[in-house]
């Protein structure tokens, strides 16, 4: 199973016609055995305190899956290994350090137990939880892979003894993007009339989730290229969910159909939406209130060497998307994929350095758009981050700098494996 240490592979093939403009379910692996960055092997411990490693998954959705890889107990490096709860993720903890006796069954979260998958291997356990498309949860759940009671001594050549202690691996899953009363649920029925032109027309809005429920096995010719960065779930229990992107780059009028495999007949579906207007952002080519984005200013007209254009998105804001137009020198060159983020040091000498926005927000659930002809960049944040963050991109021309400062508000003011997805698909399609 060294494939778990392999790099990220994003593969999805369930429905014919899925193309690169679709975002597929994300996979998150908390690998406490094979990943050298977070393994729980005994290491040098001079403080006596337990060293904690782990991963936080913030609001997974639409068939995203989380996998825990935990070493099995043995007489060497994992002598006192303990997985808590022992049946994770079929049961879970609401506090990170409670005991097995405090575990809660998955059904208490109103997630069916079949969404939890377990597989034993010779030297490790694999536990997977699949996040359903519809849920009403406001909880943070935990599972532990605890090797902290394993202690060893390493004798060096000079006779010195070095104390080694295992680490505590912690999985934290935040589930608070719930839908109290799920909307946009459409029951799709078949039409048996030959040549039928009846259509199910669905009006779309930015960021909303559309749920298609149908009876029986189906296949589709889905091919809506106009909708870029739409996230789509694994079709489970005759339910297919689609999250619309944070922006529509053009008017949408897309038709596709579901073909009912067993009983015959088709269902025609039409998606419609208006192009997103008035995206908040900074246009550094024209005066404020004009141009592609309304909050910028013309660099040639500013009095100082630099000025800041601030944009707010996220919780409590009107939008989860922001734009930037800069046909000049842009830093980082691939804004927003890369951003300037203030690195804080204990001595107070803070400095802005280049980071991946994925790393700053601790999520891969981010939408990126770029129009080379217009020198226009757009970023969309469909999932509210765990923490509020501020990032920058700098547009420079003739000695003048326009600084776009993007403030992303939170709700609280990664290895992806084809093997894991294959396991999920094979198990769920047995039902």
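Keep in mind that glycine also has a Cβ here, set from the backbone N, Cα and C atoms.
Under a cutoff of 8 A between CB atoms, and with a sequence separation of 6+ in the same chain, the neighbours of residue 30 (disulfide bond) are 38, 54, 55, 66, 67, 68, 69, 145, 169, 171. According to DSSP, residue 30 (disulfide bond) sits within a strand segment. Here Swiss-Prot flags 30-55 (among others) as disulfide bond.
For the recorded site, residue 70 (disulfide bond), the DSSP three-state label reads strand. Annotation for residue 70 (disulfide bond): spatial neighbours 32, 33, 81, 83, 124, 125, 127, 145, 169, criterion Cβ-Cβ under 8 Å with sequence separation of six or more. Here Swiss-Prot flags 70-145 (among others) as disulfide bond, drawing on sequence analysis.
Annotation comment: Swiss-Prot describes 88-143 (among others) as disulfide bond. A coil conformation is recorded for residue 88 (disulfide bond) in the three-state DSSP classification, outside any helix or strand.
Residues annotated as disulfide bond in Swiss-Prot: 282-309 (among others). Long-range C-beta contacts of residue 282 (disulfide bond), restricted to its own chain and to partners at least six residues apart, with a cutoff below 8 Å, comprise 293, 295, 296, 309, 311, 323, 324, 325, 395, 402, 404. The DSSP secondary structure for residue 282 (disulfide bond) is strand.
Cβ contacts within 10 Å of residue 395 (disulfide bond), excluding its own Cβ and spanning all protein chains shown: 27. Sequence annotations record features per position, and here Swiss-Prot assigns disulfide bond to 326-395 (among others).
Under the heading disulfide bond, Swiss-Prot lists 335-393 (among others). A sphere of 10 angstroms centred on the C-beta of residue 393 (disulfide bond) encloses 24 other C-beta atoms.
For 26-178, the entry in Swiss-Prot reads domain '6-Cys 1'.
Model confidence over the domain '6-Cys 2' (278-413) is summarised by a mean pLDDT of 92. Feature annotation from Swiss-Prot assigns domain '6-Cys 2' to 278-413; the stated evidence is sequence analysis.
DSSP classifies residue 45 (N-linked glycosylation site) as coil under the three-state reduction. Under the heading N-linked glycosylation site, Swiss-Prot lists 45 (among others), citing sequence analysis as support.
In the three-state DSSP reading, residue 239 (N-linked glycosylation site) counts as strand. All protein chains included, residue 239 (N-linked glycosylation site) registers 16 other Cβ atoms within 10 Å of its own Cβ. The N-linked glycosylation site annotation in Swiss-Prot covers 239 (among others).
A C-beta separation below 8 Å, combined with a sequence spacing of at least six in one chain, links residue 409 (GPI-anchor amidated serine) to 312, 313, 314, 315, 316, 317, 384, 388. For the recorded site, residue 409 (GPI-anchor amidated serine), the DSSP three-state label reads strand. Residues annotated as GPI-anchor amidated serine in Swiss-Prot: 409.
Look at Swiss-Prot and you will find 1-20 tagged as signal peptide.
The shortest Cα-Cα distance from residue 143 (disulfide bond) to any of the recorded positions (45, 239, 326, 335, 393) is found for 45. Applying an 8 A CB threshold to same-chain residues 6+ apart, the list for residue 88 (disulfide bond) reads 68, 127, 143, 171.
In the three-state DSSP reading, residue 326 (disulfide bond) counts as coil. Sequence-distant contacts (6 or more apart, same chain, Cβ under 8 Å) of residue 335 (disulfide bond) comprise 324, 326, 377, 393, 404. The two recorded residues, residue 45 (N-linked glycosylation site) and residue 239 (N-linked glycosylation site), show a Cα separation of 50 Å. The number of other Cβ atoms within 10 Å of the Cβ belonging to residue 309 (disulfide bond), over all protein chains shown, comes to 20.
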